Every structure is written in structure tokens, then in C-alpha cells.
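What Swiss-Prot lists as Cu cation A1 binding site is His189, Cys224, Cys228, Met235, and the listing cites similarity to another entry. If you look up Swiss-Prot, you'll see Cys224, Glu226, Cys228, His232 marked as Cu cation A2 binding site. What Swiss-Prot lists as Mg(2+) binding site is Glu226, and the listing cites similarity to another entry. Sequence annotations record features per position, and here Swiss-Prot assigns topological domain 'Mitochondrial intermembrane' to 1-43, 106-260. Feature annotation from Swiss-Prot assigns transmembrane segment to 44-64, 85-105; the stated evidence is sequence analysis.
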Amino acid sequence: MILRLLECRFFTIALCDAAEPWQLGFQDAATPMMQGIIDLHHDIFFFLILILVFVLWMLVRALWHFNEQTNPIPQRIVHGTTIEIIWTIFPSVILLFIAIPSFALLYSMDGVLVDPAITIKAIGHQWYWTYEYSDYNSSDEQSLTFDSYMIPEDDLELGQLRLLEVDNRVVVPAKTHLRMIVTSADVLHSWAVPSLGVKCDAVPGRLNLTSILVQREGVYYGQCSEICGTNHAFMPIVVEAVTLKDYADWVSNQLILQTN
């Protein structure tokens, strides 16, 4: 029984993108947006290491050469033009190298697709999500709509993740441009999926847009990232990326179920 639990747990994490215990790094990127965030983090971390090494070297050198035993009579240095120019220009160059990719990524994340293949609307409630697929309805029909609640711990099946599983997943096709419209029906929420690099605030009376391009099939887990009341921690988000054929079959089945 223990081996079965471990095996199921291993394959669940291997095939899904979710937070793990004692995780220190990022989840694997599934969108160009998230890959850009990870790359920017690595670039900035490189400069942080350079600055840390330089500051430590200067500190150790000062302690070694300018202590009381080495220099009983302290030197009186009140001005140094060269060093002042260096410590003014060098940080400015570093900030420039950080700012250019940062602004490029920021504006690419803020861009909204003019003609996306699929539009999905996420509506936050206390404490669940409602999703609307409005691309498949005619003028006299309702859109494909369903609610997504967290599965209670007592109802979890073997291998499902605690506090992260939902009864109805958001199913999307992989390698397809999506547009997410996020809003709220009551208080502030935030629709966030780390592997997709998405965190979009759900504000009552306002529609916020974000674009997503999932590059690989898989199951991606997220949660509401805005404190919204007592059960804020029980608003998970699950996005399942499938092939275009499987997505079309899922939409057809959902429309049939909704009609019946």
C-alpha cells in the first residue's frame, strides 16, 4: 500500500505542475511568459552575485589592510575622484542591463491578443470560480458555463493533491493562443497559475485581460492570490492543456450535458 501511494504520488507530480513541499525554485515554465520571467530572474541573480562578491571583497580588503595593527596611524582620505566616478557609473550600467529586459518582458506580458483563438472568462466568487466559454454559443443560447469548487480532503482520490484539486477543470488546447477575461462577482480575487506565468486580479465591475499560450500538454495548478475572506485558501485553479482534438471532444460533450 505504501509503495502504491509513493508511486502514485511520484507520477502525479511528474505529470503535473504544482507546488511541492520545501520547493525553493520556480515551477517548470509552460508558456513563453513564464520562461521570460525565469530567464529574467537568472539574469538579475547573476548581477546580484557579482555585486555580493565585489562588496565582500572590498569589505575584507578594508578590514585586512586598514586595521589598527597594520596601520596604527589611520590615513586621512577625504576625496577620490576615480573611485567616485567608478561607483557612480558601474551601478548605472548594471541598472541599465537589468532595466532593458525588464521593460521588454513587462510590455510583452501586458500585450493583449487582437484575435485570439479562444476566449475564456473567469469570475471569482467567495469561494469558488466560474468559467464561461463564450465562443460556442449562438445569439439565442447561453455560453458554456460551469463552476469550479475545491474537492474536500475527505473526497480526494488516490494521487490527487490536497487543497489543489477541483471538481471541474479549465480545459484548454495546447499551442493555441488564449485570452482570459478575469473579473469578480463580490470581492477582490486574483486568478494565478505559476507555471503559466499568470496572475490577473479579479476586480468587481472591471474586466482584466491576459493572454496565454500553453506550449505543452499537462495539468497546471494555481490558487487565488488575493486575500478574499475566510476560505481564501480554498480557491484552487486547475488548468488542463490537451490536444486540439481532445479539446473539441470535451467542448462537444460539455455542450451536450449542458443542453440536457
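Glycine residues also receive a Cβ, built from the backbone N, Cα and C atoms like all the rest.
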Ask   = Setting His189, Cys224, Cys228, Met235 aside, what same-chain residues sit with their Cβ within 8 Å of the center of the Cβ atoms that define the Cu cation A1 site, listed in sequence order?
value = Gly124, Gln126, Trp127, Trp129, Ser190, Ala202, Gln223, Ser225, Glu226, Gly229, His232
Key: Packing count at Glu226 (Cu cation A2 binding site) (other Cβ atoms within 10 Å of its Cβ)   = 18
Request  = Please classify the secondary structure at His189 (Cu cation A1 binding site) using three-state DSSP.
outcome  = strand
Ask   = Out of Cys228, Met235, which has the highest number of nearby Cβ atoms, where nearby means within 10 Å of its Cβ, if these are the binding-site residues?
value = Met235
Query = If H, G and I count as helix, E and B as strand, and all else as coil, what does DSSP give for His232 (Cu cation A2 binding site)?
reply = helix
Query = Neighbourhood of the Cu cation A2 site (Cys224, Glu226, Cys228, His232): other residues with Cβ within 8 Å of the Cβ centroid, in order?
reply = Gly124, Trp127, Val187, Leu188, His189, Ser190, Ser225, Ile227, Gly229, Met235
Key: Between His232 (Cu cation A2 binding site) and Cys224 (Cu cation A1 binding site): CA-CA distance (Å)   = 7
